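Enquirer: Here you go, one structure.
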Amino acid sequence: MDYKKTLNLPQTRFAMKANLPTKEPQQLKAWEESGLYAKIREESKGREQFILHDGPPYANGNLHIGHALNKILKDIIIRSKQMDGFDVPYVPGWDCHGLPIEHNVDKKLGSKKKEMSKADIRRKCREYAGNFVNIQREEFKRFGVMGEWEDPYLTMNYPFEARIAKECGEFAANGDMFIGKKPIYWCCSCQTALAEAEIEYADHTSPSIFVKFPLKGDAADIDASLAGKKVSFVIWTTTPWTIPANLAVCLNGEFTYAFVETDGEVMVVAKDLLEGLMTSFGKESYNVLFETDGASLENKVCRHPFIDRDSVIILGDHVTLEAGTGCVHTAPGHGADDYITGLKYGLEPYSPVGNNGCYTEEVGEEFEGKFIFKANAELIEKMDACGALVKHNEMSHSYPHCWRCKKPVIFRATPQWFLSMDNTGLREKALAEIDKVEWIPSWGRERIHGMIANRPDWCLSRQRSWGVPIPVFYCEKCGEVHADQASVDKIYDLFKEHGADIWFEKEAADLLPEGTVCTKCGHGTFTKDTNILDVWFDSGVTHSAVLNDRDGLRRPADLYLEGSDQHRGWFHSSLLTSVGKTGKAPYKAVLTHGFVVDAKGHKMSKSVGNVVAPKEVINKYGAEVLRLWVASTDYRDDVRISDNILKQLSDAYRKIRNSCRYMLGNLSGFNPDTDRVAYEDLRDIDRFTLARLADLIERVNKAYETYEFHTIYHSLNNFCTVDLSSFYFDIVRDALYVEGTDSVVRRGIQTVLFDLVDAIVRMMAPILCFTAEEIWGHVPDFEGKKESVHLMAGAEPKADWKNEAIIERWEHLVTLRDEMNKALEKARSEKLIGQNLDAAVTVTAKGETLAFLESFASELKQVLIVSDFTLAEGDAPEGAFVSDEVEGLAVQVASASGDKCERCWTWSPSVGEDSERPTLCSRCRGILDRTA
């Protein structure tokens, strides 16, 4: 007889091979056809809400691995909160305006652009952005991310553009905005102002020059020792091109300045820097004639090195002794500190540089029309020729570059619209709100606090076409700015119906309420502003355009989650616009993640060849492995990825999958509603496993609550490989396969296996959403089982599972088992046995250890998976394995006596006792007799 047919071998249609790249798209299609997301939303009605507000990615190009990290993190949170009993609507969005899109459209249009109107160019930009929204939407869905994909928010949608214009217009109408000429980041290549968040720093080589500014008049009024001397203040700069815009030399009033005579002239520098500077200048012989504090030199006047213009001595706290001479070249039109200090002295923000980075006619014929960076060499040569140059070399330093074209940017004063940080107390209010927000990690609070505390006014205007216009008007007669609530409301209604394009298609009269007149002069004809808004303002008002305006959402959001660079980006702009309009932060908590780097911690770069594309990962491993990678990392720091890391995660995935497959296979024929064994009737090992499961569920639920997803990955992986595969499954395999199908012991194990797989599939569902759904389809039906695991509540431990006493007992037994297994391993290596079932084990112990083992006497043979087990009292016999870890524990391993049972593979003297079934042991004969 073939006794194999009498065994309860695992049976399941759940595949061993995952084949994720093929199966996942099928699952996505099935979810879509069944309307799963709509069912989840319906299931959630009436629950407490949890709002995770999506920061919009830019609608340009394919998704990169950083997008995958961000969106999968969000999806894990959304799914876990949903299973935790919350109503979690998720509205994804896209940032659709801005320079990168316009730049790419410009390249495609080429010379055709010159013949096109702004409205025509905007239509092309809208098409371009819409195309990439569709591309990225499908890519996000392929990650397994669920949400309102058919109704996302787009900053270029008409109602959204209307909301942007309304928010801006009300800032203008309320006096929070002003026009000012002040230095801002300017890209000469893109010919537009840039926000601080649009700046990237990279190494750049600049000229480093020391230049003399001669003091006007006789220096005797400073000190008699200087009478008749040629005195010059020496400045240092790495931007020679700004020298034509110099209006002052700035000192620190508290520093001591030395008047140093060398080679027949007197140089003025900070005393504390004197020695190093003289060495650097090659001046071996010099004499200090006079010393005085900087404050006493205020308002003295120098001559510009080569322009017939004064350069006044002023004072500023930004002057330090870290580098240079202690005398700072000051061009108020080309530097933030220069501008602020210059205001105190009535200096204009003079900037003789055009939009294209070339000098204007203000500098004179010699340099007019020349590109500033190219003019550096000529300027240095000119200063050398007129005797003003002290020293020149080149230096490499970190310098701001445009995020789009990657070229160096400049500070340049131009008339721009600004949102004031202090006129109406915006800075103070924002700082107060920061302290009411939970920042995860906690250092995020200090980072954004410092940024808000020290930032300048927000430059809102951009000189481009693709964006939302600044909705203000100018009186044609007197130039007065017109922005009131009536005009804001009219523009809001027009934009909702026609989009912001109408601003570029209609005249001012068509956009203003009928009868609008200038509040200053009463004139009735106006012109429109020609600037568009900074795109950070667009995304910064999503709290209003999405959270406030969309049904089913609310402000503030429970969570904003983006990369750590968004402290100066979206978190920043959202905070300012929200506080400016509502007085409150738009979020209750802010969670940040790091950047994705390669295996060595290096930034990803196409030129280096270390870029990992999410599409390639999915095609090779499936989205599940990508999701597992996200969950496995401590994402609050930079996150490493490589093919080797993904292979390791693929192996871990396989182990988790196989553990679930083993449980499903052994649940064949089990009905959870009718075949369960009561907890009190379970064996000790089963109750121990449920106690360990209860601990796991509590740990995992806590980790979901605190967003510690790597804890979940490691806990699940460890539980499946150590607690289950290497322990519980090993020990109960014999009873599962060999005992009668309906025996209490086997049904008890199946009860535990069902509780295990039911809990594990729910715990993994937010992370391994595809695999959890596949497993769920093979879990035995039970009362309350829904069509999708994603419609179920999360795992919760039953009260009677929690049993610290049984955990303590069994964990001690596991320690003793590990010691006994060392003896079995030694016997295997010495070829005494082939596998554990070939062995007969005798354990000798004394005292507490003996008493403890005696309490498990009936289970030790199964726990060690051996054919025979004997427990003896006394000292270690000669030749026994003696434990180094457990005092008095000795183990003897011998070959088991008798013959091997054909059915259960246990060695027993009872094999051969029954002539009709000579290959079976007495246990197997009894089982077959009972099930006959």
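Positions of Cβ are set from backbone N, Cα and C atoms, glycine also.
Automatic, uncurated: that is what TrEMBL annotation is.
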Enquirer: Under TrEMBL, the annotation motif ''KMSKS' region' belongs to which of these stretches: 238-242, 523-527, 603-607, 698-702?
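Expert: That would be 603-607, per the motif ''KMSKS' region' entry in TrEMBL.
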Enquirer: Quick one: sort out which of 57-67, 442-452, 475-485, 541-551 is the motif ''HIGH' region' according to TrEMBL.
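Expert: That would be 57-67, per the motif ''HIGH' region' entry in TrEMBL.
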Enquirer: Cα-Cα, whole number of Å: Cys924 (Zn(2+) binding site) versus Glu562 (L-isoleucyl-5'-AMP binding site)?
Expert: 61
Enquirer: Within the same chain, where does the motif ''KMSKS' region' (603-607) have neighbours whose Cβ lies under 8 angstroms from its own Cβ atoms, ignoring anything closer than 6 residues to its ends? I mean 6 or more beyond.
Expert: 64-65, 595-597
Enquirer: From the binding-site residues Glu562, Cys901, Cys904, Cys921, pick the residue whose C-alpha lies nearest to the C-alpha of Lys606 (ATP binding site).
Expert: Glu562
Enquirer: Three states by DSSP: which one describes Glu562 (L-isoleucyl-5'-AMP binding site)?
Expert: strand
Enquirer: Compare the C-alpha of Glu562 (L-isoleucyl-5'-AMP binding site) with the C-alpha of each of the binding-site residues Cys901, Cys904, Cys921, and give the closest one.
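Expert: Result for Glu562 (L-isoleucyl-5'-AMP binding site): the nearest of the binding-site residues is Cys904.
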Enquirer: Taking the mean position of the Cβ atoms of Cys901, Cys904, Cys921, Cys924 as the Zn(2+) site, which residues outside that list, in the same chain, have a Cβ no more than 8 Å away, listed in sequence order?
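Expert: After dropping the recorded site residues, what remains is Val738, Glu902, Arg903, Trp905, Thr906, Ser908, Val911, Leu920, Ser922, Arg923, Arg925.
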Enquirer: Using Cβ-Cβ distances, find the residues under 8 Å from Cys901 (Zn(2+) binding site) that belong to the same chain and are at least 6 apart in sequence, listing them in sequence order.
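Expert: Once residues fewer than 6 apart are set aside, Cys901 (Zn(2+) binding site) is near Trp907, Ser908, Val911, Thr919, Leu920, Cys921, Arg923, Cys924.
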Enquirer: On the 0 to 100 scale, where does the mean pLDDT of the domain 'Zinc finger FPG/IleRS-type' (898-924) fall?
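Expert: That stretch averages a pLDDT of 95.
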Enquirer: In three-state terms from DSSP, label Lys606 (ATP binding site) for me.
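Expert: Where Lys606 (ATP binding site) sits, the three-state DSSP reduction gives coil.
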Enquirer: Around Cys904 (Zn(2+) binding site), which residues of its chain at least 6 apart sit with Cβ under 8 Å of its Cβ?
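Expert: Counting only residues 6 or more apart in sequence, the Cβ neighbours of Cys904 (Zn(2+) binding site) under 8 Å are Asp734, Tyr737, Val738, Cys921, Arg923, Cys924.
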